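Asks: Questions regarding the structure given below will be posed in turn.
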Amino acid sequence: MTNPAALPTPVTLSARLRAGTQDQHRRAESTPFITALMGGDLHVEAYTDLAVQHHALYTALEAGGRAVAGAPGGSIVMPELVRAAAIDTDLTHLVGPDWRDRTRVLPSTTRYVTHLRRVAVTLPGFVAHAYTRYLGDLSGGLAVRAMLRRHYQVPDEALHFYSFPTVTAPKVFKDGYRARIDSLPLTPLEQDQVVAEAQVAFDHNTAVFTELGDRHLPRS
Ligand code: VER
């Protein structure tokens, strides 16, 4: 039998989030679509399609953030992180100003957006989804940006999504963000809900990557 004392439980919410979504992170980053995109096996259209899905989900997440910002714990909504406008700029460059008419939000993204509209207007829901996306963008995002430039010659004008002009030191910023997460006014039950909801957030991302794979991976 395992000695429970040998398995230390992370105490802070940010540590619980990291430990509680490790399996989901591995699944998300190793989906065939992400692997192929990062490996340079796709075309720039695949990145464009991903950006379209990002635009839809960040628009919903950030609308939730506006609802949460004025309530207790609202300091977790940070203007430095807001992404929807940056993605709009990227898509305008990649597709044209009428990109909305020429691209498609996928069913898996619509499900993610519908879910976000319901849960990201509450503090626990917003934190879970903001953690999953923004800390990911600030962590693996730089590597993704480098790959997109190298493999698909995506120019800087179309890579604003991966650039946070007011975040000069991502590591310091991330530590500060985790500290904010850890000082949120959440009950133990709500903290449990945040960890469970972050797993749901990862699963939604994985579902979007799977659908993007169906569209962009070469058929075997
Ligand atoms: Fe991840 N990520 N990631 N990531 N990530 C790190 C941390 C991190 C990486 C690398 C890294 C996703 O995909 C990738 C997330 C969330 C997500 C490193 C640290 C790579 C190379 C990829 C794939 C290209 C995806 C898809 C997501 C979520 C949708 C979070 C939340 C974190 C912070 C973990 C923490 O708590 O510190 C090197």
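Every residue, even glycine, has its Cβ placed from backbone N, Cα and C.
Per TrEMBL, the features are:
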type	residues	note
BINDING	R18, H25, Y131, R178	heme b binding site
Asks: Give me the count of other Cβ atoms within 10 A of the Cβ belonging to Y131 (heme b binding site).
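Replies: The Cβ of Y131 (heme b binding site) has 24 Cβ neighbours within 10 Å.
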Asks: List the other residues in this chain whose Cβ sits within 8 Å of the Cβ centroid of the heme b site residues R18, H25, Y131, R178, in sequence order.
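Replies: Once R18, H25, Y131, R178 are set aside, the remaining close residues are S14, L17, T21, T132, L135, A198.
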Asks: Quick check: in three-state DSSP terms, what is R18 (heme b binding site)?
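Replies: Once the DSSP labels are grouped into three classes, R18 (heme b binding site) ends up as helix.
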Asks: Taking R18, H25, Y131, R178 as the record's heme b-binding set, what's the max Cα pairwise distance in Å, rounded to a whole number?
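Replies: Taking every pair of listed residues, the largest Cα separation comes to 18 Å.
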